[in-house]
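Enquirer: According to TrEMBL, the protein has these features:
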type	residues	note
DOMAIN	A:51-278	domain 'ABC transmembrane type-2'
TRANSMEM	A:53-75	transmembrane segment
TRANSMEM	A:87-108	transmembrane segment
TRANSMEM	A:129-156	transmembrane segment
TRANSMEM	A:162-183	transmembrane segment
TRANSMEM	A:195-215	transmembrane segment
TRANSMEM	A:252-275	transmembrane segment
Amino acid sequence: MSTATSTTGGADTAAVRQAIATTARPPRPGPLSTALTFGWRGMLKVKHVPEQLLDVTVTPVMFLLMFTYLFGGAIAGSTSAYLDYTLPGLLVMSVLFTTVYSGVSLNTDLTKGVVDRFRSLPIWRPAPLLGSLLGDSVRYVIAGTVIITVGVALGYRPDAGVGGAVASLALVVVFSFGLSWVFSVLGLLLRSPNAVMNAGFMGIFPLTFLSNVFVDPETLPGPLQAFVDVNPISILATACRSLMDGTPDGEAIVVALVVAAVLAAVFLPITTRLYRSR
Amino acid sequence: MTTHAPLAIEATGLVKSFGATQAVAGVDLAVPEGSIYGVLGPNGAGKTTVIRMLATLIPPDAGSARVLGHDIRTEGDAVRSLVSLTGQLASVDEELTGRENLILLGRLLGLSRPGARTRAEELLEAFGIAEAAGRLVKHYSGGMRRRLDIAASIVVTPRLMFLDEPTTGLDPRSRGQVWEIARALQAGGTTILLCTQYLEEADQLADGIAVIDRGRVIAEGTPAQLKASVGAGGLHVRLLDPDRRPDAAGILERVVGAVVLEPDPAALSVACSDAALAADGVAALARAGVGIAEFSLGQPSLDEVFLALTGHLAEERDPTLEEQPS
């Protein structure tokens with residue numbers, strides 16, 4: 001091997017020696033700065049592979065169009081009345097579906113060598129997890145914004161205006177922070193990204209349908225109705241409806257936030273432990 | 001090693017099991033600072049598991065180790081701030097560009113935003129990946145990916161670097177480049193722990209070698225010492241026609257001595273330090289009409305070392321035994 005090769009063909013040994021000689025170790029970055037750097041990494045991924053947003057935006061939009069125009073008239077009397085009812089629920093659904101991808105992307109990371117690199121760095125250990133959550137929140141906001149925008153294009157007008165829409169979106173995103181740790185645990189336990197996706201949707205899909213997202217539970221048989229009423233997704237959807245309507249349902253909002261906090265309190269420590277020992 | 005250089009790695013009795021499989025069954029290592037130390041063994045011998053323990057990715061089940069003076073169990077953070085790891089799977093993010101990977105690591109190691117950017121450009125240039133800097137790593141060739149991987153490991157120059165099979169799957173030219181980089185790192189004062197299943201690689205780079213098999217160190221020393229421990233040199237013959245190997249083995253056995261069949265189906269060797277006797281052997285082959293592509297008399301290869309130490313060839317282990325911690 002020659003001592004100086006061209007820069008197109010490979011490494012330039014002299015320059016490599018130079019590069020090795022020039023570094024002094026900088027001070028360690030703080031936990032927040034480290035987490036933000038991982039958040040930046042998450043956003044770069046959305047930038048490089050915007051297609052991944054299609055999965056999480058197209059499905060809810062399809063549901064929106066299908067339910068509104070196929071079943072809307074039958075369920076609520078008119079398509080516009082049904083849109084009023086179901087849009088906040090679809091907002092919940094579209095963002096919650098996105099949280100499954102937090103687990104999928106964590107699992108994808110683990111199948112590559114890059115996690116070993118992160119774990120061998122002298123950084124605050126939960127930073128990669130918290131950071132990717134920051135990146136994921138961008139996806140949550142995009143998924144939610146798409147649904148609200150399509151809804152408005154179809155004639156949805158929240159009584160509380162832009163403020164109501166923003167408040168609902170914010171609530172759903174905060175709830176998703178809690179829920180995403182459940183899928184992170186799945187992402188650390190299961191073997192492949194596909195398995196995480198399947199298991200995740202197997203859970204979230206029925207839970208979403210057994211809620212008040214699509215239909216008013218009043219017509220349901222008693223036991224089913226009881227389940228729907230305590231389903232956190234129903235409660236979250238109720239809270240979002242109330243915010244959109246400009247009549248905030250304090251109880252539903254608080255319950256939704258408490259559920260999110262409990263999910264995070266239980267599943268975040270499990271996630272960090274699993275991540276460390278993996 | 002007879003010198004008393006301070007030790008970069010000092011491990012005693014490291015043990016690690018995954019379920020019922022004991023991947024590492026009591027490994028001792030003493031790696032002098034500033035050296036390139038080879039850990040040589042076939043797939044599944046436990047090399048990667050040793051590295052993962054020393055880099056504090058997984059705790060050992062038993063035993064202890066100090067890396068640059070810090071205990072891997074209790075001072076993990078101090079260890080992590082002095083070492084860097086180039087894993088068996090390239091430890092870079094495939095879904096980012098080469099430049100973004102280096103900036104990411106620079107930021108995580110505490111460089112300022114402009115500092116990380118400058119450092120990234122400098123490394124991209126030095127490692128010959130400047131032109132591909134804006135492309136996603138998943139589109140890189142194997143050689144480029146490896147170079148980026150090593151560049152990522154020296155964003156801040158480590159005092160100890162773990163190189164886990166750095167040239168597996170690379171073409172000879174890229175392999176040579178990785179070796180050059182490893183030598184440059186050593187010249188800059190970085191200690192390197194090199195895991196490899198390529199005997200030639202350890203012979204080329206390492207100052208000291210530990211041969212590891214089934215989770216244990218079975219031999220240790222300089223490449224020359226290891227070769228000497230196997231005995232005198234030998235006569236190596238490569239035939240034009242692999243089908244004639246049985247004939248050739250018979251002839252050499254009769255004229256020279258016990259024959260070893262090498263992994264190359266056209267090659268065989270026989271222990272022999274006497275040039276005249278070796279010449280007789282070659283002459284006998286020629287008389288019998290066995291075509292010879294090349295022959296040499298020399299020190300035993302590390303292939304033979306491995307065979308002599310373990311009773312099996314380095315390449316013949318079942319690849320499903322590949323260590324896979326999960």
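Cβ atoms are placed via backbone N, Cα and C, with glycine included.
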Enquirer: Top stretch among A:53-75, A:129-156, A:162-183, A:195-215, A:252-275 for CB pairs under 8 A with the transmembrane segment (A:87-108)?
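Expert: So the stretch in question is A:129-156.
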Enquirer: Could you give the residue numbers and ranges of same-chain residues that sit at least 6 residues beyond the transmembrane segment (A:162-183) on either side and whose C-beta is under 8 angstroms from one of its C-beta atoms?
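Expert: The answer is 88, 91-92, 95-96, 98-104, 133, 136-137, 140-141, 144-145, 148, 196, 200, 236, 239-240, 243-246, 248, 253, 256-257, 259-264, 266-268, 270-271.
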Enquirer: Excluding the flanking five residues on each side, which residues at least 6 beyond the ends of the transmembrane segment (A:195-215) place their CB within less than 8 Å of a CB in that stretch?
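Expert: Residues packing against the transmembrane segment (A:195-215) from afar: 67, 71, 75, 86, 89-90, 92-93, 96-97, 99-101, 103-104, 107, 183, 186-187, 224, 227-228, 231, 233-234, 237-238.
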